[in-house]
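First comes the structure, then the notes that go with it.
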Amino acid sequence: MTEPVLTVEDLSVRIAGLHILQGVSFTVAPTGVTVLLGRNGVGKTTTLRAVVGLTPRGGEVHGRVRMGDQSLLERPTHRLVRGGLGYVPEDRCVFAGLTVAENLRLAERRGTTAAYDRVFALFPELDRRSRQRAGSLSGGQQQMLAIGRVLLNDNRLLLVDEPTKGLAPKVVTEVAEVLKRVAESVPVLLVEQNLAVVRRLARDAVVLAAGRVAWTGDAQELLSATALTRSLLGVGSAEGHHHGSGTEPGASASTAGPAREDAR
Amino acid sequence: MDAIILLTLTGLGLAALYFLVASGLSLVFGLADVLNFAHGLFLGVGAYATWWAAGNLPGAGHDGLGFVVAVAFGVAAGALMAVLVELVLIRPLYSRTIEQVLVTVGLSLAGVALLQATWGADARRFPRPEWTRQVTSILGAQVPNGGLLLIIAAVLVLAAILAFLQWTRYGLIIRAGVENREMVTALGIDVRKAFTLVFAIGGAAAALAGALGSVYFGTVSPQQGGSLLIFAFIVVVIGGMGSVVGSAYAAVAVGLLQQFVNYYGTSGLGDICVVALLAAVLLLRPQGIAGKVATA
Amino acid sequence: MTEVKSPELPAASAAVPAELTPGRVSRLRPVLPLVVLAVAVILPYSTLHLPGIFEGALNSPGTLQLLAVCLVFGGLAAGYDLLFGRTGMLSFGHALYFAAGVYGTDILITRAGLPLWQAAPLAIVGGTILAGLIGAVALRTIGIAFAMVTLAFAQVGAILVARDFGGLTGGEEGLPLDVAGLPAALVGVANTVNLYWLALAYLVAVVFVVHRVTASPTGRVLAGVRDDERRVGVLGLDPYRFKLVAFTLAGGLAAAGGVVYCLIVGGASPHITSSELTLSLLVMVVLGGPGTRWGPVLGGILYMYLDHRLVSFGSSDAVSALPAFLSRPLSEPLFVLGTVFILAVYFFPGGLASLAPRLALLRNSLRLGRRRPT
């Protein structure tokens with residue numbers, strides 16, 4: 001087997017006295033999309049944030065996280081990102097008061113035009129709206145911007161947190177399509193609730209439950225085993241309490257989460 | 001009519017002083033979440049350094065170009081002091097907001113006491129260039145030049161800060177950092193360099209306020225910074241933390257209100273009206289005129 | 001990422017395990033405050049001279065007055081800790097409620113001619129209501145904005161006092177207390193001892209109230225607000241109301257301290273309304289150990305003692321023999337206290353209260369170290 005791009009070993013995170021992660025271990029393959037699954041509040045976002053060094057103040061992190069031969073946990077976030085760890089946060093977090101162009105300019109490091117061409121080829125909308133304030137973009141456009149600014153630089157691994165959350169079904173498809181193309185050149189660790197998107201993108205899956213890894217393996221295999229998805233993710237259960245995955249795993253992106261509106 | 005013009009211009013002079021102190025406070029708070037009680041100390045350092053330079057520094061003097069050199073020295077001293085404070089005292093406590101406030105509180109107490117120990121507790125006469133002691137006749141009102149100088153300086157500083165924020169890379173980082181500091185680091189930027197920079201800018205602006213304010217009042221004393229600081233805090237909250245333009249609007253509102261009410265009402269009533277304005281703004285618009293939500 | 005200890009959560013609260021402390025001391029521990037209290041009560045009967053520590057004998061009026069002021073500030077700091085250490089509220093306006101007590105008592109007695117037994121409760125109630133009203137507005141903000149807003153409101157008090165609105169406060173000169181309205185037992189140098197006991201009673205009362213509140217269900221909610229306000233909200237409790245209760249209560253305690261202080265110093269002067277007084281309360285609490293029962297009390301007493309005594313220390317021969325660049329700053333009490341405070345924030349985040357367990361651990365490790373070879 002090829003060396004994993006990211007190795008997480010025995011990762012524990014405690015925030016404000018709550019043991020959110022209790023010894024999580026998994027690896028991310030050097031190609032394709034690895035998806036991190038689990039019910040709401042299980043620690044998926046906490047995992048990504050711990051990897052990129054953004055655990056909130058007062059939180060304790062233990063364990064080992066390696067990207068290649070590099071140990072990540074002791075290093076400040078900006079060094080990690082400069083070392084090739086791209087991070088697309090939950091809720092997009094574009095700078096609402098800055099223009100699209102400024103949002104991109106902030107992210108650029110060597111700023112070659114080639115990188116801009118690559119991003120604008122993926123997201124022509126960003127080029128057209130470059131003078132518009134990011135806060136006035138639609139949720140889907142903001143998501144494109146959040147992904148686009150990370151792609152301005154070369155990354156060894158992308159961490160992407162719930163990119164389709166709160167987006168209209170049509171936009172969900174677009175975002176998924178973009179991520180699929182991105183994943184052809186750089187490995188992605190994805191947190192995603194929409195199982196249709198997961199089915200479309202993911203090769204490997206890691207399922208968290210109660211702060212621990214409950215299952216790892218082939219994503220498609222997981223999704224085709226209905227009983228397994230039901231027990232691990234609560235999918236298809238009568239409660240239907242967690243958002244965006246109330247439909248059967250086989251549902252297509254266009255019908256997933258019909259109640260969800262575009263954020264803007 | 002004359003009185004109104006005079007009050008407007010002296011009110012704007014006061015507003016200029018508030019703005020020079022508040023702009024730095026607002027940027028430091030907006031970006032680094034540090035409520036800087038030592039900001040008044042930067043003002044004191046600027047004033048005393050200018051005063052010292054005017055008498056002792058070769059090339060500097062009490063008038064003309066020599067005085068400009070003295071003020072430049074004062075501003076540089078304020079900026080240097082601010083940078084040292086950030087690097088030595090604030091940075092080791094990165095993101096521990098309460099401890100940072102505590103340290104600046106201790107520093108303001110100790111620093112003012114040190115100024116007092118060195119130059120005495122009493123106010124000292126400040127060297128004033130001849131021109132600033134005169135008045136200019138504007139629409140029939142006799143306006144002190146010292147006040148006009150403050151207004152001009154504040155407008156220039158406002159323009160310079162805005163240009164810096166708009167057109168430079170660090171300005172971009174600061175604007176983004178005020179909005180979401182964590183996300184700036186997540187784009188691979190060491191935001192702490194920007195902290196040092198806003199401290200330097202704030203320290204320089206406060207030191208300029210110290211030097212020109214002393215010219216305006218004609219004296220310099222160790223406590224000068226402290227009393228101005230409270231009104232600068234009010235300006236920052238009304239203007240919206242992290243917003244330089246908001247600070248400018250709020251400074252003008254506070255300066256004019258204070259000046260007019262103190263003149264037409266009882267002395268001191270204007271100061272109280274300012275706090276009433278603060279309460280009103282907080283009740284109606286907790287985020288201030290512009291900028292970050294004050295409750296965040 | 002390392003664990004970050006905030007000052008509100010001092011290491012001191014993690015008490016030393018019982019088996020580590022020598023048995024004798026741990027048995028003494030519950031009664032120790034009572035022993036200290038008993039000593040404090042009978043202290044005015046002592047004619048002991050402590051050269052260098054106090055200028056006169058322990059029972060001289062000068063020493064007793066200094067001690068009384070220290071005790072009042074011990075109580076004030078304990079009351080302020082109800083906000084800062086127990087609830088995590090950083091108020092910069094606490095001087096206002098203290099000043100309300102001082103000036104309220106003074107004005108009601110001197111200007112309105114009321115007897116003390118009417119003036120004191122009125123001043124305390126007035127200070128409490130003031131705190132309630134201002135808290136209701138200021139608590140709409142949190143964190144740093146709250147600090148700024150409380151500071152601004154307190155500044156109004158300072159302006160009102162300094163500008164002498166209505167000719168009530170005496171302006172910059174201050175307002176000496178008209179002793180005609182006071183009971184005879186509280187008047188005159190010979191009766192300083194009664195003021196000392198009054199101050200002691202105030203301190204005991206504040207410690208008792210703060211202790212009872214902290215131990216109550218309300219106190220646990222306040223601790224929850226301090227640790228994570230959102231979690232309190234999630235539990236369906238309104239943090240705003242609990243914070244307002246704490247803010248009002250602390251204001252009332254400060255006003256009561258103002259009454260006692262007014263009697264001790266025989267009047268009111270404008271410097272007690274300044275933001276510097278609040279800052280020094282903060283320094284006292286942090287130096288003593290926020291969120292602990294005795295830390296703020298010790299911090300307050302020690303701070304006031306040093307504030308008074310450092311002046312004579314600064315003018316002592318030992319200091320004036322030093323070169324000017326050393327002797328001048330050292331003769332400024334605030335320079336010394338401010339510097340000590342900054343060092344404390346870095347090196348003793350739990351304040352004095354965290355030193356006791358550390359020392360106990362050290363003592364024990366030494367003891368064990370000595371025993372092991374035998």
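A Cβ is built for glycine as well, from the same backbone N, Cα and C atoms used for every other residue.
Annotation source TrEMBL lists transmembrane segment at C:31-50 (among others).
The feature transmembrane segment is assigned by TrEMBL to C:62-83 (among others).
Residues annotated as transmembrane segment in TrEMBL: C:95-114 (among others). Residues 76, 120, 122-124, 126-128, 130-131, 134, 153-154, 157-158, 161, 168-169, 175-178, 181-182, 250-252, 254-259, 261-263, 267-268, 272-275, 277-278, 281 of the same chain sit 6 or more residues outside the transmembrane segment (C:95-114) yet have a Cβ under 8 Å from a Cβ within it.
Feature annotation from TrEMBL assigns transmembrane segment to C:120-139 (among others).
For the transmembrane segment (C:182-210), the list of distant contacts is 37, 40-41, 44, 59, 61, 64-65, 67-69, 71-72, 74-76, 78-79, 81-82, 86, 109, 116, 249, 253, 256-257, 260, 263-264, 293, 297: same-chain residues at least six beyond its ends, Cβ to Cβ under 8 Å. What TrEMBL lists as transmembrane segment is C:182-210 (among others).
With a threshold of 8 Å between CB atoms, the same-chain residues lying at least 6 positions outside the transmembrane segment (C:244-267) that come near it are 65, 68-69, 72-73, 75-76, 79-80, 82-83, 86-87, 89, 91, 94, 97-106, 116, 120, 123-124, 126-128, 130-132, 134-136, 138-139, 174-177, 179, 182, 186, 195, 198-199, 202, 205-206, 209-210, 213, 218, 222. Residues annotated as transmembrane segment in TrEMBL: C:244-267 (among others).
Per TrEMBL, transmembrane segment is recorded for C:279-303 (among others). Outside the transmembrane segment (C:279-303) by six or more residues, the chain places 7-10, 12-13, 33, 70-71, 73-78, 80-81, 84-86, 90, 92, 94-95, 203, 207, 210-211, 226, 337-338, 340-341, 344-345, 350-354 with a CB less than 8 A from a CB of the stretch.
Per TrEMBL, the feature transmembrane segment maps to C:334-361 (among others).
A Cβ distance under 8 Å defines the sequence-distant neighbours of the transmembrane segment (C:62-83), meaning residues of its chain 6+ beyond its ends; these are 40, 43-44, 54-56, 89-91, 94, 98, 192-193, 195-196, 198-200, 202-203, 205-207, 210, 213-214, 222, 246-247, 249-250, 253-254, 257, 260-261, 264-265, 281-282, 284-285, 288, 290-291, 295-301, 303-305, 308.
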